[in-house]
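Peer 1: What follows is a structure written as C-alpha coordinates; I'll ask about it next.
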Amino acid sequence: MSAQNPVLTPEKRGEDVDSALRPQTLDDFTGQAEARANLKIFIEAAKNRGEALDHVLFVGPPGLGKTTLAQIMAKELGVNFRSTSGPVIAKAGDLAALLTNLEERDVLFIDEIHRLSPAVEEILYPAMEDFQLDLIIGEGPAARSVKIDLSKFTLVAATTRLGLLTTPLRDRFGIPVRLSFYTVEELELIVRRGARLMGLGMTDDGAREIARRARGTPRIAGRLLRRVRDFAEVARAPAVTREIADEALTRLLVDNMGLDQLDTRYLTMIAVNFGGGPVGIETIAAGLSEPRDAIEDIIEPYMIQQGFIQRTPRGRVLTAIAWKHLGLMPPKDMEAAQFRLTLEDDD
(Lines of atoms letter the chains of each structure in order from A; the text may use other names.)
(Lines give C-alpha, C1' and ligand atoms only; values in the text may rest on other atoms or scores of the structure.)
Protein backbone atom coordinates (compact mmCIF):
# COMPACT_ATOMS: atom_id res chain seq x y z
CA MET A 1 0.00 0.00 0.00
CA SER A 2 1.34 3.40 -0.94
CA ALA A 3 2.15 5.84 1.86
CA GLN A 4 1.25 8.82 -0.34
CA ASN A 5 -1.01 11.46 1.19
CA PRO A 6 -4.58 10.28 0.36
CA VAL A 7 -5.67 13.75 -0.77
CA LEU A 8 -2.89 13.83 -3.37
CA THR A 9 -3.27 10.40 -4.93
CA PRO A 10 -4.62 10.70 -8.49
CA GLU A 11 -6.23 7.27 -8.15
CA LYS A 12 -10.03 7.23 -7.93
CA ARG A 13 -11.64 7.19 -4.46
CA GLY A 14 -15.27 6.90 -3.39
CA GLU A 15 -15.70 10.59 -2.58
CA ASP A 16 -14.57 11.53 -6.09
CA VAL A 17 -17.69 10.08 -7.70
CA ASP A 18 -19.80 13.24 -7.62
CA SER A 19 -21.79 13.45 -10.85
CA ALA A 20 -23.04 16.94 -10.00
CA LEU A 21 -19.49 18.30 -10.28
CA ARG A 22 -18.65 16.47 -13.51
CA PRO A 23 -18.90 18.40 -16.79
CA GLN A 24 -21.74 17.06 -18.93
CA THR A 25 -20.64 18.22 -22.41
CA LEU A 26 -17.38 18.74 -24.27
CA ASP A 27 -18.03 22.50 -24.14
CA ASP A 28 -18.24 22.33 -20.32
CA PHE A 29 -15.03 20.30 -20.09
CA THR A 30 -12.02 22.45 -19.16
CA GLY A 31 -8.56 21.71 -20.57
CA GLN A 32 -7.32 19.19 -23.17
CA ALA A 33 -8.32 21.65 -25.91
CA GLU A 34 -6.79 19.73 -28.82
CA ALA A 35 -8.29 16.41 -27.72
CA ARG A 36 -11.74 17.98 -27.26
CA ALA A 37 -11.65 19.69 -30.65
CA ASN A 38 -10.75 16.45 -32.41
CA LEU A 39 -13.34 14.42 -30.51
CA LYS A 40 -16.04 16.93 -31.48
CA ILE A 41 -15.22 16.39 -35.15
CA PHE A 42 -15.11 12.59 -34.87
CA ILE A 43 -18.42 12.49 -32.96
CA GLU A 44 -20.18 14.82 -35.41
CA ALA A 45 -18.90 12.82 -38.39
CA ALA A 46 -20.05 9.50 -36.89
CA LYS A 47 -23.50 10.94 -36.11
CA ASN A 48 -23.86 12.32 -39.64
CA ARG A 49 -23.02 8.93 -41.13
CA GLY A 50 -25.21 7.06 -38.65
CA GLU A 51 -22.27 4.84 -37.74
CA ALA A 52 -20.60 3.74 -34.54
CA LEU A 53 -17.65 5.94 -33.60
CA ASP A 54 -14.28 4.30 -34.18
CA HIS A 55 -12.63 2.79 -31.09
CA VAL A 56 -10.89 5.35 -28.85
CA LEU A 57 -7.85 4.91 -26.60
CA PHE A 58 -7.14 7.50 -23.88
CA VAL A 59 -3.55 7.56 -22.64
CA GLY A 60 -2.28 9.58 -19.69
CA PRO A 61 -1.71 9.72 -15.94
CA PRO A 62 -4.65 8.99 -13.61
CA GLY A 63 -7.12 11.72 -12.70
CA LEU A 64 -7.05 13.72 -15.95
CA GLY A 65 -10.65 13.03 -17.03
CA LYS A 66 -10.54 9.86 -19.12
CA THR A 67 -13.71 8.40 -17.58
CA THR A 68 -15.51 11.75 -17.73
CA LEU A 69 -14.64 12.19 -21.42
CA ALA A 70 -15.92 8.68 -22.18
CA GLN A 71 -19.25 9.47 -20.47
CA ILE A 72 -19.53 12.77 -22.34
CA MET A 73 -18.85 11.03 -25.65
CA ALA A 74 -21.70 8.57 -25.06
CA LYS A 75 -24.03 11.42 -24.10
CA GLU A 76 -23.14 13.48 -27.19
CA LEU A 77 -23.53 10.41 -29.42
CA GLY A 78 -26.94 9.79 -27.82
CA VAL A 79 -26.15 6.17 -26.90
CA ASN A 80 -25.88 4.01 -23.79
CA PHE A 81 -22.72 4.03 -21.67
CA ARG A 82 -21.38 0.93 -19.95
CA SER A 83 -18.27 0.91 -17.82
CA THR A 84 -15.86 -1.68 -16.45
CA SER A 85 -12.12 -2.11 -15.88
CA GLY A 86 -9.43 -4.52 -16.97
CA PRO A 87 -8.93 -6.30 -13.61
CA VAL A 88 -12.71 -6.92 -13.28
CA ILE A 89 -12.88 -8.90 -16.55
CA ALA A 90 -11.34 -12.10 -15.21
CA LYS A 91 -12.59 -14.58 -17.82
CA ALA A 92 -13.51 -14.57 -21.50
CA GLY A 93 -17.10 -15.23 -20.45
CA ASP A 94 -17.18 -11.97 -18.47
CA LEU A 95 -16.27 -10.00 -21.58
CA ALA A 96 -18.70 -11.99 -23.74
CA ALA A 97 -21.55 -11.13 -21.34
CA LEU A 98 -20.71 -7.42 -21.59
CA LEU A 99 -20.42 -7.38 -25.36
CA THR A 100 -23.58 -9.36 -26.11
CA ASN A 101 -25.65 -6.92 -24.03
CA LEU A 102 -24.53 -3.87 -26.01
CA GLU A 103 -26.97 -2.21 -28.37
CA GLU A 104 -26.14 -0.63 -31.73
CA ARG A 105 -23.47 2.15 -31.41
CA ASP A 106 -23.28 1.86 -27.59
CA VAL A 107 -20.09 2.96 -25.82
CA LEU A 108 -18.24 0.40 -23.68
CA PHE A 109 -15.57 1.95 -21.45
CA ILE A 110 -12.74 -0.25 -20.15
CA ASP A 111 -10.44 1.46 -17.66
CA GLU A 112 -6.93 0.08 -17.08
CA ILE A 113 -7.15 -1.92 -20.29
CA HIS A 114 -3.44 -2.80 -19.95
CA ARG A 115 -4.46 -5.15 -17.12
CA LEU A 116 -6.59 -7.43 -19.30
CA SER A 117 -5.46 -11.06 -19.27
CA PRO A 118 -4.09 -12.47 -22.58
CA ALA A 119 -7.06 -14.88 -22.85
CA VAL A 120 -9.58 -12.03 -22.59
CA GLU A 121 -7.57 -9.87 -24.98
CA GLU A 122 -7.71 -12.60 -27.64
CA ILE A 123 -11.53 -12.50 -27.47
CA LEU A 124 -11.48 -8.72 -27.85
CA TYR A 125 -9.61 -8.68 -31.18
CA PRO A 126 -12.42 -10.03 -33.45
CA ALA A 127 -15.01 -8.12 -31.39
CA MET A 128 -13.29 -4.82 -32.16
CA GLU A 129 -12.42 -5.57 -35.76
CA ASP A 130 -15.31 -7.67 -37.09
CA PHE A 131 -17.94 -7.20 -34.34
CA GLN A 132 -17.95 -10.94 -33.74
CA LEU A 133 -17.26 -13.18 -30.78
CA ASP A 134 -15.23 -16.33 -31.41
CA LEU A 135 -15.94 -18.68 -28.51
CA ILE A 136 -14.86 -22.26 -27.85
CA ILE A 137 -17.71 -24.33 -26.41
CA GLY A 138 -16.88 -27.55 -24.61
CA GLU A 139 -13.55 -29.28 -24.03
CA GLY A 140 -11.37 -31.89 -25.68
CA PRO A 141 -12.57 -33.67 -28.84
CA ALA A 142 -16.11 -32.34 -28.31
CA ALA A 143 -14.98 -28.70 -28.33
CA ARG A 144 -16.34 -26.54 -31.13
CA SER A 145 -15.98 -22.95 -32.26
CA VAL A 146 -19.03 -20.70 -32.21
CA LYS A 147 -19.28 -17.26 -33.83
CA ILE A 148 -21.70 -14.73 -32.38
CA ASP A 149 -22.51 -11.49 -34.21
CA LEU A 150 -22.37 -8.34 -32.08
CA SER A 151 -23.97 -4.94 -32.44
CA LYS A 152 -21.57 -2.37 -33.85
CA PHE A 153 -20.24 -0.67 -30.72
CA THR A 154 -17.52 1.78 -29.73
CA LEU A 155 -14.84 0.65 -27.31
CA VAL A 156 -13.37 3.53 -25.33
CA ALA A 157 -10.39 2.37 -23.31
CA ALA A 158 -8.04 4.10 -20.89
CA THR A 159 -4.50 3.31 -19.84
CA THR A 160 -1.82 4.99 -17.78
CA ARG A 161 0.87 2.76 -19.33
CA LEU A 162 0.77 2.59 -23.11
CA GLY A 163 3.92 0.46 -23.21
CA LEU A 164 2.10 -2.43 -21.51
CA LEU A 165 -0.45 -2.72 -24.32
CA THR A 166 0.32 -5.34 -26.93
CA THR A 167 0.82 -4.06 -30.47
CA PRO A 168 -2.20 -5.98 -31.89
CA LEU A 169 -4.50 -4.40 -29.29
CA ARG A 170 -3.04 -0.92 -29.65
CA ASP A 171 -3.35 -1.03 -33.43
CA ARG A 172 -7.10 -1.74 -33.26
CA PHE A 173 -7.85 1.71 -31.82
CA GLY A 174 -8.56 4.14 -34.64
CA ILE A 175 -8.55 7.23 -32.40
CA PRO A 176 -5.63 7.44 -29.95
CA VAL A 177 -5.91 10.43 -27.58
CA ARG A 178 -3.06 11.44 -25.27
CA LEU A 179 -4.05 13.55 -22.24
CA SER A 180 -1.55 15.81 -20.49
CA PHE A 181 -1.35 17.51 -17.11
CA TYR A 182 -3.46 20.68 -16.74
CA THR A 183 -2.10 24.20 -16.37
CA VAL A 184 -2.67 26.17 -13.17
CA GLU A 185 -5.04 28.46 -15.12
CA GLU A 186 -7.15 25.50 -16.27
CA LEU A 187 -7.27 24.04 -12.76
CA GLU A 188 -8.26 27.45 -11.40
CA LEU A 189 -11.32 27.42 -13.69
CA ILE A 190 -12.16 23.90 -12.50
CA VAL A 191 -11.84 24.92 -8.83
CA ARG A 192 -14.05 27.99 -9.36
CA ARG A 193 -16.69 25.90 -11.12
CA GLY A 194 -16.63 23.32 -8.33
CA ALA A 195 -16.93 26.01 -5.65
CA ARG A 196 -19.86 27.58 -7.50
CA LEU A 197 -21.68 24.24 -7.74
CA MET A 198 -21.03 23.63 -4.02
CA GLY A 199 -22.36 27.08 -3.13
CA LEU A 200 -18.95 27.93 -1.64
CA GLY A 201 -17.58 31.47 -1.65
CA MET A 202 -14.17 31.60 -3.32
CA THR A 203 -11.78 34.48 -3.97
CA ASP A 204 -9.56 34.50 -7.07
CA ASP A 205 -6.38 34.02 -5.06
CA GLY A 206 -8.03 31.25 -3.02
CA ALA A 207 -8.89 29.33 -6.18
CA ARG A 208 -5.39 29.88 -7.53
CA GLU A 209 -3.75 28.59 -4.35
CA ILE A 210 -5.71 25.33 -4.55
CA ALA A 211 -5.00 25.01 -8.28
CA ARG A 212 -1.28 25.62 -7.77
CA ARG A 213 -0.99 22.68 -5.38
CA ALA A 214 -3.18 20.21 -7.32
CA ARG A 215 -0.32 18.53 -9.24
CA GLY A 216 -1.83 19.37 -12.62
CA THR A 217 -4.69 16.95 -11.94
CA PRO A 218 -8.42 17.85 -11.81
CA ARG A 219 -9.28 14.91 -9.54
CA ILE A 220 -6.78 16.15 -6.96
CA ALA A 221 -8.04 19.74 -7.37
CA GLY A 222 -11.58 18.58 -6.56
CA ARG A 223 -10.39 16.65 -3.53
CA LEU A 224 -8.35 19.58 -2.20
CA LEU A 225 -11.35 21.86 -2.74
CA ARG A 226 -13.54 19.60 -0.59
CA ARG A 227 -10.96 19.53 2.22
CA VAL A 228 -10.42 23.31 2.11
CA ARG A 229 -14.21 23.75 2.25
CA ASP A 230 -14.21 21.77 5.53
CA PHE A 231 -11.66 24.15 7.06
CA ALA A 232 -13.54 27.22 5.79
CA GLU A 233 -16.89 26.02 7.15
CA VAL A 234 -15.48 25.22 10.59
CA ALA A 235 -13.78 28.64 10.66
CA ARG A 236 -17.12 30.20 9.57
CA ALA A 237 -15.32 32.04 6.77
CA PRO A 238 -17.62 33.69 4.21
CA ALA A 239 -15.25 32.73 1.39
CA VAL A 240 -12.10 30.72 0.79
CA THR A 241 -9.18 33.15 0.60
CA ARG A 242 -5.56 32.41 -0.21
CA GLU A 243 -4.76 32.49 3.51
CA ILE A 244 -7.46 29.93 4.35
CA ALA A 245 -6.44 27.68 1.47
CA ASP A 246 -2.77 27.94 2.43
CA GLU A 247 -3.45 27.10 6.08
CA ALA A 248 -5.68 24.15 5.19
CA LEU A 249 -3.30 22.66 2.64
CA THR A 250 -0.28 23.17 4.88
CA ARG A 251 -2.08 21.30 7.66
CA LEU A 252 -2.81 18.55 5.13
CA LEU A 253 0.98 18.38 4.52
CA VAL A 254 0.71 19.56 0.91
CA ASP A 255 3.58 21.94 0.17
CA ASN A 256 3.58 24.97 -2.14
CA MET A 257 4.44 22.80 -5.18
CA GLY A 258 1.82 20.16 -4.43
CA LEU A 259 4.34 17.67 -3.01
CA ASP A 260 3.57 15.52 0.02
CA GLN A 261 5.81 13.68 2.49
CA LEU A 262 6.35 10.68 0.20
CA ASP A 263 7.39 12.94 -2.69
CA THR A 264 9.84 14.75 -0.41
CA ARG A 265 11.21 11.43 0.86
CA TYR A 266 11.70 10.34 -2.75
CA LEU A 267 13.67 13.48 -3.64
CA THR A 268 15.61 13.56 -0.36
CA MET A 269 16.67 9.92 -0.65
CA ILE A 270 18.09 10.47 -4.14
CA ALA A 271 19.84 13.66 -2.96
CA VAL A 272 21.27 12.48 0.35
CA ASN A 273 21.76 8.74 -0.13
CA PHE A 274 22.84 8.77 -3.78
CA GLY A 275 24.34 12.20 -4.33
CA GLY A 276 21.55 13.22 -6.70
CA GLY A 277 21.77 10.07 -8.82
CA PRO A 278 21.72 8.32 -11.15
CA VAL A 279 19.90 5.65 -9.14
CA GLY A 280 17.77 2.78 -10.43
CA ILE A 281 14.02 2.49 -9.88
CA GLU A 282 14.33 -0.83 -8.01
CA THR A 283 16.73 0.76 -5.53
CA ILE A 284 14.35 3.69 -5.03
CA ALA A 285 11.40 1.33 -4.52
CA ALA A 286 13.34 -0.68 -1.92
CA GLY A 287 14.49 2.48 -0.14
CA LEU A 288 10.95 3.88 0.07
CA SER A 289 9.31 0.48 0.74
CA GLU A 290 6.90 1.30 -2.09
CA PRO A 291 5.94 -0.80 -5.13
CA ARG A 292 7.70 0.13 -8.35
CA ASP A 293 4.36 0.64 -10.14
CA ALA A 294 3.23 3.22 -7.56
CA ILE A 295 6.44 5.19 -8.03
CA GLU A 296 6.31 5.09 -11.84
CA ASP A 297 2.55 5.75 -12.18
CA ILE A 298 1.83 8.16 -9.31
CA ILE A 299 4.98 9.90 -8.06
CA GLU A 300 7.23 10.29 -11.09
CA PRO A 301 4.95 11.66 -13.85
CA TYR A 302 4.41 14.92 -11.96
CA MET A 303 8.08 15.06 -10.91
CA ILE A 304 9.17 14.80 -14.54
CA GLN A 305 6.56 17.30 -15.74
CA GLN A 306 7.72 19.84 -13.13
CA GLY A 307 11.39 19.24 -13.98
CA PHE A 308 12.41 17.77 -10.60
CA ILE A 309 13.98 14.62 -12.06
CA GLN A 310 15.37 13.22 -15.29
CA ARG A 311 15.02 9.61 -16.39
CA THR A 312 18.25 8.39 -17.96
CA PRO A 313 19.48 4.95 -19.10
CA ARG A 314 21.44 4.68 -15.83
CA GLY A 315 18.61 5.76 -13.53
CA ARG A 316 16.89 8.79 -12.00
CA VAL A 317 18.80 12.05 -11.57
CA LEU A 318 17.78 15.15 -9.60
CA THR A 319 17.75 18.48 -11.42
CA ALA A 320 18.76 21.91 -10.11
CA ILE A 321 15.05 22.62 -9.51
CA ALA A 322 14.81 19.67 -7.10
CA TRP A 323 17.94 20.68 -5.18
CA LYS A 324 16.58 24.22 -4.80
CA HIS A 325 13.17 22.95 -3.64
CA LEU A 326 14.85 20.77 -1.00
CA GLY A 327 17.04 23.67 0.12
CA LEU A 328 20.19 21.59 -0.43
CA MET A 329 23.41 22.34 -2.28
CA PRO A 330 23.96 20.15 -5.35
CA PRO A 331 27.34 18.49 -6.01
CA LYS A 332 29.82 20.81 -7.72
CA ASP A 333 30.11 18.56 -10.76
CA MET A 334 26.33 18.12 -11.16
CA GLU A 335 25.97 20.10 -14.40
CA ALA A 336 28.81 18.26 -16.12
CA ALA A 337 27.46 14.89 -14.97
CA GLN A 338 23.94 15.70 -16.20
CA PHE A 339 25.34 16.84 -19.56
CA ARG A 340 27.10 13.48 -19.97
CA LEU A 341 23.90 11.60 -19.05
CA THR A 342 21.91 13.66 -21.56
CA LEU A 343 24.38 12.72 -24.30
CA GLU A 344 24.02 9.04 -23.34
CA ASP A 345 20.23 9.40 -23.40
CA ASP A 346 20.38 10.87 -26.92
CA ASP A 347 22.44 7.90 -28.09
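Glycine residues also receive a Cβ, built from the backbone N, Cα and C atoms like all the rest.
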Peer 1: Taking Swiss-Prot at its word that Leu21, Arg22, Gly63, Lys66, Thr67, Thr68, Glu129, Asp130, Phe131, Arg172, Tyr182 bind ATP, choose the one of Arg215, Arg219, Arg223 listed for that site.
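Peer 2: Answer, per Swiss-Prot (ATP site with Leu21, Arg22, Gly63, Lys66, Thr67, Thr68, Glu129, Asp130, Phe131, Arg172, Tyr182), from Arg215, Arg219, Arg223: Arg219.
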Peer 1: Summarise the region 'Small ATPAse domain (RuvB-S)' (183-253) by DSSP state, stating how many residues are helix, strand and coil.
Peer 2: 51 helix, 2 strand, 18 coil
Peer 1: Can you name every residue in this chain, apart from Arg292, Arg311, Arg316, with its Cβ inside 8 Å of the center of the Cβ atoms of the recorded DNA site?
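Peer 2: Output for this site, in sequence order: Gly280, Ile281, Ile284, Ile295, Glu296, Glu300, Ile309, Gly315.
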Peer 1: Find the one among the binding-site residues Arg292, Arg311, Arg316 whose C-alpha lies closest to that of Gly63 (ATP binding site).
Peer 2: Arg292
Peer 1: So among Arg292, Arg311, Arg316, all listed as binding-site residues, which is physically nearest to Tyr182 (ATP binding site)? Use the C-alpha atoms.
Peer 2: Arg311
Peer 1: Going by C-alpha distance, which of the binding-site residues Arg292, Arg311, Arg316 is nearest to Leu21 (ATP binding site)?
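Peer 2: In terms of Cα distance, Leu21 (ATP binding site) lies closest to Arg292.
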Peer 1: What's the most sparsely packed of the binding-site residues Phe131, Tyr182, counting other C-beta atoms within 10 A?
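Peer 2: Per-residue Cβ counts within 10 Å for the binding-site residues Phe131, Tyr182 bottom out at Phe131.
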Peer 1: With an 8 Å cut-off on Cβ-Cβ distance and a minimum sequence separation of at least 6, pull the same-chain contacts of Arg316 (DNA binding site), or say none.
Peer 2: Ile270, Gly277, Pro278, Val279, Gly280, Ile281, Ile284, Glu300, Ile309, Gln310
